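A short write-up of the structure that comes next.
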Amino acid sequence: MNLAVDTKKNDHVIEVKVAGEIDVHTAPALRDELMPLAEEGKDLKVSLKDVSYMDSTGLGVFVGIYKAVNRTGGSLVLENLSERLIRLFDITGLKDIIDISGKSEGGL
């Protein structure tokens, strides 16, 4: 299972692009990459455009990241979600907690 994380820091925003699969094997590495960024107190924008699969362990990572950015005064926006990922956040109720309104794939 492959996972790639690319990070770009600006003054108040950290932009992250995630590519690959987020599952039980890759979620710990993703958490290890994102948690220090979340604790900087900046706004965190995470593009999931190139994420081909995510399971519940991936959701758990984003819940933890959401809590960390809120503790430090930042915000979390997930961008470019596929229809499959939007549905995953919808059926779990997390779309009402985590902002997934960033640019959606397909212009939604």
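Each Cβ is built from the backbone N, Cα and C atoms, and glycine gets one as well.
Under the heading domain 'STAS', Swiss-Prot lists 3-108.
Sequence-distant contacts (6 or more apart, same chain, Cβ under 8 Å) of SER52 (phosphoserine) comprise GLY20, GLU21. Residues or ranges marked as phosphoserine in Swiss-Prot (evidence: similarity to another entry): SER52 (among others).
Sequence annotations record features per position, and here Swiss-Prot assigns phosphoserine to SER56 (among others). In the three-state DSSP assignment, the secondary structure recorded for SER56 (phosphoserine) is helix. The Cβ of SER56 (phosphoserine) lies under 8 Å from no Cβ of any same-chain residue at least six residues away in sequence.
The phosphothreonine annotation in Swiss-Prot covers THR57. Cβ environment of THR57 (phosphothreonine): ILE22, ASP23, VAL24, ALA27 lie under 8 Å away, each six or more residues apart in the same chain.
Note on the domain 'STAS' (3-108): mean pLDDT across this stretch is 93.
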